[in-house]
Amino acid sequence: MRMTKRVLIAGFTGAMGQKAVNLVNSLSDFKIVAGLSPSAENDPQKYNLPEDAQIFNSLDEIPDNLTDIWIDFTLPKAVYNNVKFALTHHISPIVGTTGLSDGQEAELIEISKEEKVGGIIAPNFGISAVLLMKFAKEAAKYFPDVEIIEMHHADKKDAPSGTALATAKMIAENRPAHQTAPDEVETLENVRGGDYEGIKIHSVRLPGYVAHEQVLFGGTGEALTIRQDSFDRQSFMSGVKVALEKVDQLNELVVGLENIL
């Protein structure tokens, strides 16, 4: 018989956190034992948590040996310290919060190796987004001229999105650094977007959107567009479920859901 895995959800009061709460509550092999949120009241049932779940407002309140898995849907300013705390306390993190720098990711991976703790950081838990990144990486072999447009809800704190940046990194692996229009002149500052190794990234923040991305490739006399749309945050939960089921098989922190599919 499988042992029930204990889960702490950081950011459980937010939209993604509540989706994660509902997911874990529906799984017989996992149980929410705690939640972390700086402003949450000590009323588990208000947030759909089990009646005996503990609620913490800061990291220093969390006791040792409380949980096996740490799900993080918090904020860019909190995620690094949260994941570092989890790893150093031998808790396997499943991280959907974006905003970590390359240096922070590298440092957390080193900590995970030292502590021998597996975990996953996923720029996007949606299967369609993972496939978009995979297809874009393959297309980059044939179309070196490419730009990315990502569109998200108005409350998203970081730009570009973690998914767009991850897409750019994967594309860059399959093509040399390449500037499509090296002599262009901007008459309006930053009108051409951010630049990652010659890949322009454009970020849109508007009400009515959830999470969407287009990768536009241009060639001589032809073009290719790959688009992904997440219309409901529930779409991300299929990836979180996979991560919950497979995180025990990891020996270190990995970046990207595609590495465990």
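Just so it is clear, glycine is given a Cβ too, placed from its N, Cα and C backbone atoms.
These figures come from a predicted structure and were not determined experimentally.
H152 (active site, proton donor/acceptor) is surrounded by 23 other CB atoms, counting those within 10 A of its CB over all protein chains shown. Annotation note: H152 (active site, proton donor/acceptor) sits in a strand segment as assigned by DSSP. Taken from Swiss-Prot, the feature active site, proton donor/acceptor covers H152, and the record attributes it to sequence analysis.
Sequence annotations record features per position, and here Swiss-Prot assigns active site, proton donor to K156. Just so you know, the Cβ of K156 (active site, proton donor) picks up 17 other Cβ atoms within 10 Å once every protein chain is counted.
If you look up Swiss-Prot, you'll see G11, F12, T13, G14, A15, M16, G96, T97, T98, A122, P123, N124, F125 marked as NAD(+) binding site, on the strength of sequence analysis. DSSP classifies P123 (NAD(+) binding site) as coil under the three-state reduction. Around the Cβ of P123 (NAD(+) binding site), the number of neighbouring Cβ atoms within 10 Å comes to 22.
Around the Cβ of G162 ((S)-2,3,4,5-tetrahydrodipicolinate binding site), the number of neighbouring Cβ atoms within 10 Å comes to 21. Sequence annotations record features per position, and here Swiss-Prot assigns (S)-2,3,4,5-tetrahydrodipicolinate binding site to H153, G162, T163.
Geometry remark: P123 (NAD(+) binding site) versus K156 (active site, proton donor), CA distance 13 Å. Taking the Cβ of H153 ((S)-2,3,4,5-tetrahydrodipicolinate binding site) as reference, residues of its chain lying under 8 Å away and at least six apart in sequence are, in sequence order, R205, L206, P207, G208, Y209, V210, A211. Within 10 Å of G162 ((S)-2,3,4,5-tetrahydrodipicolinate binding site), as judged by C-alpha distances, the recorded positions found are T98; the full candidate list was G11, T98, H152.
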